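Taken from Swiss-Prot, the feature ATP binding site covers Gly30, Lys31, Asn32, Gly33, Ser34, Gly35, Lys36, Thr37.
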Amino acid sequence: MYISNLRLQNFRNIPAKSFDFKNSINFIVGKNGSGKTSILESIYFLSHSRSFRSSQLNRIINHNADEFIIYTKAYNPDEITISLSRKKNSNNISKLNLEIQKNHTEITRNLPIQLINPESFNIINSGAQQRCKVLDWGAFYLDKTFLKIWQQTKFLVKQRNSALKQNYPYSYILSIDKKLCEFAEILDYKRQAYFTKLKPKIYEILSHFNPNLQLDIDYFRGWNLHKSLAQVLEESFNYDNKYKVTNHGPHKADIVLSVSHKPIQDIFSRGQQKLLICALKLAQGEIHNSENDNKCIYLIDDITSELDSIHTLTLFNYLKQLKSQVFITTTEKNKINEFIDTNSYILEI
């Protein structure tokens, strides 16, 4: 997959603009506030039907307009068109090859995106939910049955929490538990299958960036490894009932990152953390590319942030050999001069 043309209308501070890109590394250069991150955001929005910058989508519409439109022409390898529009206080309207989509799933499958930006540090510094999203992104593309299992599991956890809050009888909770355990086991199996591929690939890429970095990467399924979920839910019912929330289950799954049993945020510097994030994201993209025909697109906001020149160059050279489409933003062209070659494309805004 690669994007050949992107058109934006009333998206953020871009009233109307068309951009052409190469199926290689595309540098977007501009001052702060020039709109370079908005270009990355629009591509991400096309894939995910949401922003990585704001949950208040009305704010994304240019203040002089009532609607934004994103349109792209891409190749996968055949030409496809994807568009997304949104009016104020309305829902997104997504189209794939001019056909309105009932949901965004097919577009997401057609447009796999990996984003590396300042908020990516949340994978390390925030709770398990952020790391669990890493597993779910990969499993979604690896296994077409994953989404329905994930949706059903999420629904059952929500239903159980609601029943706890409303003090439903224990017999009713048990009926939910029976279904939840069934779907949770399948979900765990699919996540583990993806993690088995992801872990060695992270180590491989990280050693390329910095062979001296040592860490442990483990998968936690969300409940005791030596007990069934049914047993854990039964044993923890009084605690769950007291706090009116389900404390064990697949919604608590995590990728545990540590050094000698200590959290890596207590050990790694910011630069080392960014190298790990890059290794993780690149690993996800490489696994995707090996399992699917359409290649992952990488969005990197401010590539030089937190990295010295040596590690920035190492990262860039790694990106170049992937032969995937990459979008990189920077505020200063002189910081990327040594990375530019005949295959690169530079957009100055």
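Any Cβ shown, glycine's included, is placed from N, Cα and C.
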In this structure, which of the binding-site residues Asn32, Ser34, Thr37 has the fewest other Cβ atoms within 10 Å of its Cβ? Asn32
For a quick check of packing: other C-beta atoms within 10 Å of the C-beta of Gly33 (ATP binding site), how many? 9
Per residue, counting other C-beta atoms within 10 angstroms of the C-beta, which of the binding-site residues Lys31, Lys36 reaches the highest number? Lys36
Neighbours of Gly30, Lys31, Asn32, Gly33, Ser34, Gly35, Lys36, Thr37 excl. site residues, C-beta within 8 Å of centre, ATP: Ser38, Thr329, Thr331, Ile349
Can you count the other CB atoms that lie within 10 A of the CB of Gly30 (ATP binding site)? 18
